[in-house]
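Report on the following structure.
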Amino acid sequence: MIYSRILGTGSHLPARTMTNADLEAIVDTTATWIFERTGIEKRHLVSEGETCCDLAEVAARRALDAAGLQPSDIDLIVVATTTPDQFFPSTACLLQQRLGIRGCPAFDLQAVCTGFVYAVSVADKFIRTGAATRALVVGAEALSRILNWEDRGTCVLFGDGAGAVVLEAADEAGIISTHLHADGSYKDLLQVPGGLGNGHPEARFMEMKGNEVFRVAVTTLGRIVDETLAAAGLSKSDIDWLIPHQANIRIIQATARKLDLPMERVVVTVAEHGNTSAASIPLAFDQAVRDGRIQRGELLLMEAFGGGFTWGSVLVRY
Ligand code: COA
């Protein structure tokens, strides 16, 4: 039996930051409102000319360094993003070119905030079937480019960044299981309506019914926790670390309560960079690996929820 294991992690945040106080000058909000409702204190934003692939490249190179690998060792690239540099080529192909490698499959995956979880699941399946041996999995976003900076209900919540992991084939898990779900009947609650051929090419900014998203997110993430533990025959107390999608501290606290997990065992980065969509889990993961909190051999539960709706989890023995 072939499994995949996580060899190295990396991440990158753009240099430009915007605090809650800075937002007070842009929309009708207060720093206190934002912090109390979301836990966010600041976010990092791309500068003019800086792109999703720029962020992805730095995160990818850091993950490769941590794994002790060269780009040429990689035989699969998956980039989860909602904000690619171009319609095509995919950000994964742009990244492949920058890393100076040729020939291996490279593609983007779009599952909004659940993108990284989807991408890890897909890469894990490539490795388990023998179709790849060393995969670079990236979550990267320049989300500020699809924010309406006049809509206080959305622009205060999101930020830009990238995170990456390198997966390698192994005799033991590694990745124990992944669980993916979607329900398109919720499409109107969180969306960028614009696209090709739907009559709204100009509607290129995010729209969200925040409190409805909040309610569905909390109940859905509770269910995915149960599903993941049951599939592995594990109990709540087996989990060493929860690495949640960083959307809102209140959603994260609700999932931690569901797991009876003290907040000290939850990796929380939402204060520092807000919701970075597909980048948020690998950003949090990398931070907790590099500061020494997460140790080899520990059991990690990653979970995410996002537009679509999509949701999912990854259970991994690090
Ligand atoms: N500053 C000040 N007031 C704001 C505001 C802001 N940035 N954004 C909204 N408000 C106002 C609303 O207009 C509303 O005013 P009203 O009562 O006069 O109508 C009031 O605050 C309460 O709005 P509501 O949406 O009910 O607040 P909430 O407690 O649900 O918090 C969110 C709003 C967006 C923080 C919260 O719903 C949330 O986090 N939802 C999930 C969003 C998310 O995570 N999306 C991504 C999923 S991956």
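Placement of Cβ uses the backbone N, Cα and C atoms for every residue, glycine included.
As stated in TrEMBL, the feature region 'ACP-binding' covers range 246-250 out of the listed 126-130, 226-230, 246-250, 261-265.
The DSSP secondary structure for Asn275 (active site) is strand. Shown are the active-site residues Cys113, His245, Asn275; of these, the residue with the fewest other Cβ atoms within 10 Å is Asn275. Same-chain neighbours of the region 'ACP-binding' (246-250): 37-40, 113, 157, 214, 217, 268-271, 273-276, 280-281, 283-284, 305, counting only residues six or more beyond its ends whose CB sits under 8 Å from a CB of the stretch. Across the region 'ACP-binding' (246-250), mean pLDDT in this model comes to 97.
Mapped onto DSSP classes, the domain 'Beta-ketoacyl-[acyl-carrier-protein] synthase III N-terminal' (107-184) shows 26 helix, 30 strand, 22 coil.
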